[in-house]
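Some features that Swiss-Prot has for this protein:
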type: BINDING; residues: 81, 112; note: anthranilate 1 binding site
type: BINDING; residues: 81, 84-85, 89, 91-94, 109-117, 121; note: 5-phospho-alpha-D-ribose 1-diphosphate binding site
type: BINDING; residues: 93, 227; note: Mg(2+) 1 binding site
type: BINDING; residues: 167; note: anthranilate 2 binding site
type: BINDING; residues: 226, 227; note: Mg(2+) 2 binding site
């Protein structure tokens, strides 16, 4: 332990930290050079004042540098949300990942266990028979053979062990609640990323731009979810060519009907997995349409589709042809053989 972080705690409470100051601060956190009290003091100083893009980018860049990295195919995309929206929906981004992979786009998905629902990405995948507790080499093998891999956050970010207990004791949101989607161990350059607050989508797009992303959609559903909503219009901050464009997106623009929010509310991991299996078998309804909407957006971000309606067509074929279901079966086999 050292006192190197201490001077920056007071500074962080009164003014934004520069990129260099913030990088130094998070180096201290991730190297275990700060006491729990100092870590908590810094995190709450940042939260109370309000984190800046430079601070987000600094934390993400340090976290990326210290992670166990994964090599992914060119053009790989991450489909992920911050969690923390408190809505308890079915596993939309997880299902979307397999539909997109079934359409031929490599998906390097970063995730964790439940944050905003009874069943997070890792919970759902475990229930579907996948082994999520695998390391970088095994994930790389999955990406190369199946075109999809799941990176369980704790398996790739060992430096978080210093911060985890402090986050648990604080019991409130901190900068780390949005760092997951910004710190993909595969370093993908394309993202469909959901945020629990509409106020985060522009800053997160700016952070991804600063970190080298080529194309990304940062989204927040009008139903309060951290994904494109099927029950309301969604807010989008689209990054492309270093420029960020903000707009609202309605399901009908993709040729999809609006459904009541209640129709995508999830349950236990077992219940969500049952709904996921039905979706893969082609069951129509709100869940499938929500996945089609998000998959269409991901396909646009991946340049696999020129527009959302084409994306919906491609995603529908991925489901009805059995391609998405085959990806689940293949990934289950590969992860359990690891």
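Every residue, even glycine, has its Cβ placed from backbone N, Cα and C.
What you are looking at is a predicted structure, and each value in this text was computed from that prediction instead of being measured.
Shown here: features listed in Swiss-Prot, placed on the structure.
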{"residue": "93", "record": "5-phospho-alpha-D-ribose 1-diphosphate binding site", "contacts (Cβ under 8 Å, 6+ apart)": "79, 80, 81, 109, 111, 121, 192, 194, 227, 294"}
{"residue": "110", "record": "5-phospho-alpha-D-ribose 1-diphosphate binding site", "contacts (Cβ under 8 Å, 6+ apart)": "78, 80, 151, 153, 156, 180, 181, 183, 184, 185, 186"}
{"residue": "112", "record": "anthranilate 1 binding site", "contacts (Cβ under 8 Å, 6+ apart)": "83, 120, 121, 122, 152, 153, 154, 180"}
{"residue": "167", "record": "anthranilate 2 binding site", "contacts (Cβ under 8 Å, 6+ apart)": "43, 174, 176"}
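Within 10 Å of the C-beta of residue 89 (5-phospho-alpha-D-ribose 1-diphosphate binding site) there are 26 other C-beta atoms, taking all protein chains into account. A separation of roughly 10 Å, to the nearest angstrom, links the Cα atoms of residue 226 (Mg(2+) 2 binding site) and residue 89 (5-phospho-alpha-D-ribose 1-diphosphate binding site). Under DSSP, residue 167 (anthranilate 2 binding site) is assigned to a helix (H, G or I) in the three-state scheme. When secondary structure is read from DSSP and collapsed to three states, residue 93 (5-phospho-alpha-D-ribose 1-diphosphate binding site) falls in the helix class.
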